[in-house]
Amino acid sequence: MKRIVSTLALGAALGLGATAALAQAPSTLRNVQNKGFVQCGVTQGLAGFSMPDSAGNWTGLDVDLCRAVAAAIFNDPTKVRFSPLSAKDRFTALQSGEIDVLSRNTTWTLQRDTSLGLNFAGINYYDGQGFMVRKSLNVKSARELSGASVCVQTGTTTELNVADFFRANNLKYEPVVFASADETVKAYDSGRCDVFTTDASGLYAERVKLAKPDDHVVLPEIISKEPLGPVVRHGDDQWLDIVKWVHFAMITAEELNITKANLDQMMQSTNPEIRRVLGVEGNGGEALGLTKDWVVRIVRHVGNYAEVFDRNVGPSTRLGISRGLNALWTKGGLQYAPPIR
Amino acid sequence: MTDGTLPARATGAPKVAFFNDPKTRSLIFQGLALALLVFVIFTAVTNAVTNLRNQNIAGGFGFLEQTAGFGISQTPIAWAESMSYGRAFLIGLLNTLLVAVVGIFFATLLGFVVGVARLSPNWVISKIAYWYVEVIRNLPLLFQILFWYLAVLAAMPTPRNSHSLFGLFFANQRGITVPRPIFEAGAGAIGIALLVGIVAAFAVRSWAYKRQAATGQQFPVAASMAGLILGLPILAYFLSGMPISFDYAQQGRFNLTGGMTLIPEFVALTIALVAYTAAFIGEIVRAGIQAVSYGQTEAGRSLGLAEGRILNLIVVPQALRVIIPPLTSQYLNLAKNSSLAVGIGYPDMVSVGGTILNQTGQAIEIIAMWMGCYLTISIVTSIFMNWYNQRIALVER
């Protein structure tokens, strides 16, 4: 409900000149440095991606990207404030300047990249949409779902994909649409729907929240490509570069096997590539508007991509997601960073 | 108005300095206020346009013709994912209107019952009405909607174990399912008969009133109206060869298939809006009835009228004059409160519009459309209620 208010507030803000500063295209970086923290939009709670713990600390893959940006700027990963956003309100919050970066398992699409006034800064999780049903229904494939009620979150690519899937396969369905992920899962759990659909990562993350997780099964079909990644406002190239290269830095660190643990040894390395990445040679960081040791800061405080992945969603966590498409390109996956030089 | 009410100054020469003249002053201040308002609006609009252009967001209402691509769970008119955003918004609007109209109808009925019950000489009935009003109107509406949706309707059985009545009517977690009528050729005659019946019924009513006014003879108006409105269509149904059949609900693999289903979101929202608004209407009705002097009732008794006729002919017509204006506000509240539907996933205008907003990013346009629609609904309701209020207002002779 309060999101309606914020949507209206955006209307007012766009209208009434609260964003007058935007007209002069200010530097988001300078703005962030002045206020002393990064305002980061995240989900309202998706295990493994962005979720507050009992002490109110946010953790997760998406959260760690924000922490890495803060680490690169301030040398302090705690200088982030989080805005939990529903899928429906996330873009409005970014457009209106309420947040500096949106790191909220958001699918990169042509329409969003072009007509929403946004820029996507990379893909920190390659995903695809799937379906979850009760085991007791004995459904083996999504093609058997004709006539089913489907719980889905509004304002998502998920909502469009599910419509496409049922239309393409000539199946009937009844969409039951909720504003937040929580309401959607609750409705599925209470039996309002036969099917819960979202990105596969989300299915695994939400399943652990159900009353009896073992009674539910994820169907084999993946019906879409969902490249998820951080998003920034259109019109500030420097800020886009920073967010983009913070992500690439974590991938590169994994590729070069630079970890939190061996960082100090790596600083002594004679490998010119490692020396360049860690800022011992060259000044890549300064060109971004950061310091020479920006990658060191990211790895020291947050870790490389593998560390972040394993800590939040990897096989040893409750989610138990394998690297799959998210393995490095050198290991058969899709994660690939342009060279830092 | 007579000449005596005109200010003397208006006809004579001004006796005060120009800037001390209250008329000039008021003009200047009103002019300033207007200029300020125009400036604020102008700044707001240019600012919005600049910001949108800077953020590369296309403006205008052209997006309404694009393909929507999402599903909607309750569609009063035909809907397919390949249709446009404009039609999706229209469906949202119709769903809002549906809840508002059904809600206003039942809230008025229940509200009058509660209002009269509170004044009942029967201690139990008046206490029940009292506690109903006190409990319902002191709980937040959103809470009540969630209560009906999550606590009452979600506790219904699964589709496979539906409560069923004669195998025709079903109630389960997915809603209430009833047989769906299928109109075959010739069914049009029934509709025409219904219209003829209604017109005839009102003609009979006005004839009977005139006759009673002229001769004092009474006519069984209610019975003959009911007979005409119900009887003519039933007659037409049989004469045209029973052209209506029913599609009965069947147990499908997941849900019931066939029939007509009231989705639980609609049921929960309507029940909550009706219960909530009726509590307020009940108090308005009570106030209206109490505003009619008890002497009026006593006068009716002294004429030898029955209690029911005293209520119908003397008390209620006078009470309505007090009841109608605040009742209008309650109708407006109910229509606007239906936007809380977004909390339980009922596809009303705010929910569907929100989806469109999110898929297209056209925040300003969608918000303008919401405002325009709610404004129109409210103004139309108000105009109608004001018209009705004038019609029943005390005519002084």
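Cβ atoms are placed via backbone N, Cα and C, with glycine included.
According to TrEMBL, the protein has these features:
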| type | residues | note |
| --- | --- | --- |
| DOMAIN | B:93-385 | domain 'ABC transmembrane type-1' |
| TRANSMEM | B:27-45 | transmembrane segment |
| TRANSMEM | B:89-117 | transmembrane segment |
| TRANSMEM | B:138-156 | transmembrane segment |
| TRANSMEM | B:182-204 | transmembrane segment |
| TRANSMEM | B:225-246 | transmembrane segment |
| TRANSMEM | B:266-289 | transmembrane segment |
| TRANSMEM | B:367-388 | transmembrane segment |
Checklist entry - Any residues 6+ beyond the ends of the transmembrane segment (B:138-156) with a Cβ under 8 Å from its own? => result 163, 171-173, 264-265, 267-269, 271-273, 275-276, 337, 340-341, 343-344
Item to check | Chain residues in Cβ proximity to the transmembrane segment (B:89-117) (below 8 Å; excluding those fewer than six residues from its ends, i.e. six or more beyond) | outcome: 64, 72, 74-77, 79, 125-126, 128-129, 132-133, 266, 269-270, 273-275, 277-286, 288-289, 327, 330-331, 334-335, 338-339, 341, 346-353, 356, 369, 373, 377
Checklist entry - Which residues of the same chain, at least 6 past either end of the transmembrane segment (B:225-246), have a Cβ under 8 Å from a Cβ in it? => result 179-187, 189-194, 196-198, 200-202, 204-205
